[in-house]
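Let me begin by presenting the structure, written as structure tokens, before commenting on it.
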Amino acid sequence: MSMSISNNSIDEKEDLPTALPASTSTVQPVPRAKARSNSHSRHQQQQRQQRPHLEVDPFPIQLHISRSRSHSHSHTHHLHRPPTRNDGYDNFPPPLQGIRTSADLERRLTTDADLAGQMAVSDGEIGPPPEGGKDAWLCVASAFFVLFCVFGFVTVFGQLKVYYLANQLKDYSQSDVAWIASLQTFITFAGSIVAGRWFDSHGARGLVMVGTSLSVAAVIGIAFCKLYYQFLLAHALFGISASMLYSPSTAVAGHWFMKRRSTAVGIVVCGSGLSGVIYPIALKRLFDELHFRNAMLIIAGLNAFLMFPAWFFLKARLPPRSPPPLKSLTGPWKEPRYTCLVLGSCLVMMNWLSPYFDAPNLITSNNVTGPIADYSIAILQVGSFFGRASSGVLADKFGVWLVFILSILGCAISILAFWVASPIGSGAVVVGLVGYGFASGAWVTLVAASTATISPIREFGMRLGMLWSVTSVPSLIGPVICGVLISASGGTFKYAGLFVGLTQFLGAFITIAPRLLDYVRDFQDRRNEESNGKLTRKQKQEQEAAA
């Protein structure tokens, strides 16, 4: 199939002199301006004739030239490639249908804004990610404090759970109180698909303003709760606010950074890790010295102060666009790497928060007392903070997927090694807490970066939102199942630890399965090439011997 359409014939026709009628005996005078215009037009036509014709390649510049040439084996000349920009995630836009000449390309780019941005033609206002600057780092700092106040509060529910069971909800079982945390976690991640789609289409500012306001209102509501259903509704409202804030806060770094994307995301997610250290200590001190209502109102005021700058600085870099059709949600599920990433994350996320909620049970089952018992959740969160802080740097150096898979294996190994057996010494308890905190913090940090490596930049928010929304379903039942298993084992984490560790091992295997299959196929291809090469050499030797 030929993709070359020459304009030489058209240009030649335009350059032919106009024949004068035979009856014309005189030449009409031509105005000077018109003569100058005709001379300029003829000069342009001559330049077009002299300029070599370039065939437009409908494939982006990042693709190998053999892919473009595969459409026609008869062409030997080089293809002209319009300027493009790599989106930073190793994604290649599909071939542009109906593009045969430069005029077709210009016409398409002027009518399709997203395509113009993708091909980097007329893209001077957007350009590549700046990799830093005032706006970029203010955006990262704002996202850091948003996650400090929102997602950090989600992970310290274990401290609130201890207080609830000792005071307002002392007549309820551990599994009953665990439903409050499960519902809050479920709503936090289930709404991510809506928030991610809105973020891709309209930016982050509207989500940030509404989400932060609801978050502060929910904490104020918790301060006035006395009954079970009131706590359930207040924490559900907090989950709604968190779902509006989590996906934009983690995805917006991809707009401002490309080479240091994992590092930027790691800094953002460190906010929740740092708050996981500060909130348990602050809540215990406040509960010891103040009434529950006053303590929670202080937390609400602190959150409002820290999140207010995000109204102005947490913003997307790409311009708004019309949302893609809903059928576009089905596209990512046709990719094995994305599908297995989501399924593996479901198994990890099912029990990712269970040790955070049940860390006090690990302490009591091992008869540990003193500061370790009082600050067990804070110790776990110390490990989580360092895991979040270091995972981005490690991923940029050694590869996102390698560090991502190792973090899942680290979660499973630390649980099976230190959380199942009891009793163990206080030193081993601390190692188990810090070890799981480090690995789990690294995993949750790299979920966004791993999704980004297999996602087009314009679909990043949508794909990350879908992942968190799907993983919210198993996270609804994981802590409840662990609560039942803890009760069945007499208050120890033995059965629950086996359940958590094995599901996370299985999640790691499913996540890496497509890449393992690729390695197997590559190995088989190399073996086949080597065997074919040996067979060819043997045939040559036989032919030489026969000659």
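Using N, Cα and C of the backbone, Cβ positions are placed for all residues, glycine too.
Residue ranges 235-257, 327-349 are listed, and TrEMBL annotates 235-257 among them as transmembrane segment. Count of Cβ pairs under 8 Å against the transmembrane segment (264-283): among 207-229, 295-314, 398-421, 495-517, the largest is for 295-314.
In this chain, the transmembrane segment (177-195) lies out of contact with the transmembrane segment (295-314); the count of Cβ pairs under 8 Å, excluding pairs fewer than 6 apart in sequence, is fewer than 3.
Remark: the transmembrane segment (398-421) contacts the transmembrane segment (495-517), by the rule of 3 or more CB pairs under 8 A. Recorded stretches compared: 136-157, 235-257, 495-517; the one with the most Cβ pairs under 8 Å to the transmembrane segment (433-454) is 235-257. For the domain 'Major facilitator superfamily (MFS) profile' (138-515), the mean pLDDT of the prediction comes to 85.
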